[in-house]
Ligand SMILES: Nc1ncnc2c1ncn2[C@@H]1O[C@H](COP(=O)(O)OP(=O)(O)OP(=O)(O)O)[C@@H](O)[C@H]1O
């Protein structure tokens, strides 16, 4: 075997050795790294454990500290509580001592009273007879008081009847007054009432069934009371039914041959439309209790008619409105049959009565029909909101029911009337053939015989011997819902509404002037100063039985207006007119 070894082989061998060493080193490094990792892991575990242990210790220490604190706090609170309990105990002891004191006192007093009762009872037994006689006296007094009350009531009724007869004889205007309840809007739609609580104070009161008491008080002056008397006074609690009950007797007069007029007067928002119309749902029977005078009058009229089957009656209705001093016929229709409200004139006829030519009348057969006709045109009535009343009527509404009655009674009455008039009014032969009479006769023959406005007895010229075939009486029931007077400052109206207000106030003051002239029996009564008074001339001036329904607001806010309305009512009662006259009987002649 050769002794020398090639250098390459030596190098290769060395490299191999080195590689081997390197591998073993690397393995060692790997081992050490694994070991290191294991050690790290263990260290982390240890650290974690140590931290957890530390936290537990810390928590335990915190808990201990908290407990110490709570303990200390509880001890302080307990000490405080104990002190309070001590104080309460002391208080209780004091209260108990007072109670015991009271109880002892009460005990003593009751014993004393019992002793007194004990000593008084024999004396009382002795006075038994006296007591009985006293009781008898009391009973007798009670009885006589009852009798007095009854007498007073009868006397009151008698007085009322006498008063009514007097009213009838003197032709006075009847005045009823209705004080409405305080309503939410009294608190003030306008700014004027804001902040003034006194404005809601009730200063107008119905004190009994014929008197109204007004308490007038001004700041800084002593209160002054004013009393007004009317034929009937209704308070805020009175229903529509109660108000109508007092109006009802007038309707009987209508079929007895009298004209009747019922007129609601009062300031804006005082309840005129409520009283006259009531609920506008008047075509339905369930609304009946809330209906006002107009629907109730229609119902009553047809009820009265049904009670007289021997007579034949026809009823016609017309509805007029006086707006801005113009008269409108609310039942007039355009060519398509739509109600339009046409302007009409008021004239004075040759007989001195007022009349609206071409006024539309609709024939009605029941109260339901009357209300259907009225409700269909009520929407045409001028209304607008003001600061005092959200739904203020800006016009005077006049519903007229004309009743034509044909009856055996009317025939008998007509015959009597005819012979009496023939005696009084028969014209001489010369007069009869005078041109004036001939004109009158020819104009009569040109008009329909049944026309209410062309009675042959309205003319001084009579047919010498008329033969009567039928007699009829036409009477009118006028139901008037006046527009309300208003103070412009309060109602806050401007523009067109201001003009409306001025027209309303002017027509109402014309009405007042007419009453003034009638009360003073002046020769000239200024009916023609306004369309309203001209239209209502017959009713106001004595041809009709007239009832004014005064509507009044009860609160301090409207005191001035309420006093004005009550003053108007008082003045109306002073008017002595000609007693109401029966309507002339119209005859149909062959
Ligand atoms: N007696 C009453 N009971 C209950 N509410 C009433 C009464 N009177 C009036 N009212 C109510 O008061 C309000 C005003 O009444 P109403 O419309 O009748 O006033 P008015 O006098 O007709 O006013 P205007 O003249 O401005 O038209 C209405 O809402 C009405 O329902």
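Note: Cβ is positioned from N, Cα and C throughout, glycine not excepted.
Keep in mind that TrEMBL annotations are predicted by a computer and have not been checked by a curator.
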Worksheet item: What range among 15-42, 43-70 does TrEMBL describe as coiled coil?
Response: 15-42
Worksheet item: Which whole number is the mean pLDDT over the domain 'Kinesin motor' (172-575)?
Response: 79
Item to complete: Would you count the other CB atoms within 10 A of the CB of residue 268 (ATP binding site), including those on all shown protein chains?
Response: 24
Item to complete: Translate the DSSP assignment of residue 267 (ATP binding site) into the three-state scheme.
Response: strand
Worksheet item: 266, 269, 271: which of these binding-site residues has the sparsest Cβ neighbourhood within 10 Å?
Response: 271
